[in-house]
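For ASP72, HIS143, the entry in Swiss-Prot reads active site, proton acceptor, with the evidence type similarity to another entry. Under the heading active site, for ring-opening step, Swiss-Prot lists ASP141, GLU148. The coiled coil feature in Swiss-Prot is assigned to 103-131; the stated evidence is sequence analysis.
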Amino acid sequence: MRLVILDDYALASEWAAKYICNRIIQFSPGPDKYFTLGLPTGSTPLGCYKKLIEYHKSGDLSFKYVKTFNMDEYVGLPRDHPESYHSYMWNNFFKHIDIDPSNAHILDGNASDLQAECEDFERKIKEAGGIELFVGGIGPDGHIAFNEPGSSLVSRTRLKTLAMDTILANAKYFDGDLSKVPTMALTVGVGTVMDAREVMILITGAHKAFALYKAIEEGVNHMWTVSAFQQHPRTIFVCDEDATLELRVKTVKYFKGLMHVHNRLVDPLHSMKKN
């Protein structure tokens, strides 16, 4: 497990974007070899997406041979609703890059058969060769995707009822009106993410500090689903200084002492530009 600690949100976002960029380029994707990337929504990854868009526009990075799989989608929210995750991904990322829309996979929360939709999503991931790198964020209660506290740590893509804490947290996106917030969602399972060859979790802000503490300093616990990734062979937690406030001083000191190693993963930043 790696814990990468940056000074602030902007630097954490940039480090994560550089890492994704380098992983894609080093993979050497092509028409017969697509890079598969799991993606989150929410406020945390926005800075990372902006940097990836910059790398694309500068010619350093192409998503032509990348397939993406998003973590989740609300049930019953129209696809073109401004708060649907289809809209989020299109407006904040996909419309700014060269990904083929047919390669951007997002669960359909309006499918006539939601169980079949979940099973089909798992099948598509398998047919794509599995996820090479799954990027995620967490809630203050340590949930990843919509795997709320108490979720099975071997769960697969499924229909989930959202916890009241999640509904309250999401109300800000629906004019503060709880009656407008969806109460159910389709989500990848913890087991789905664990199957990825590598997982990178973005955690920023003091309000996520206790969740980071639970994620790495205490044992695996289904009440803090992010803690499952202690058992993944290749997990990277990327955080800012504020998110470390609940960690032991010696933990922070230990991982900061490894930053020269971590920075070799992103420096130099690779490029797809032709020399």
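Glycine is treated like the rest: Cβ placed from N, Cα and C.
Spacing of GLU148 (active site, for ring-opening step) relative to ASP141 (active site, for ring-opening step) is 8 Å (Cα to Cα, whole number). Across the structure, HIS143 (active site, proton acceptor) and ASP72 (active site, proton acceptor) are spaced 12 Å apart at their Cα atoms. Rounded to a whole value, the Cα-Cα separation of ASP72 (active site, proton acceptor) and ASP141 (active site, for ring-opening step) is 17 Å. GLU148 (active site, for ring-opening step) is surrounded by 22 other CB atoms, counting those within 10 A of its CB over all protein chains shown. For ASP141 (active site, for ring-opening step), the same-chain residues lying six or more positions away in sequence with a CB closer than 8 A to its CB are GLU148, PRO149, ALA163, ASP165, THR166, ALA211, TRP224.
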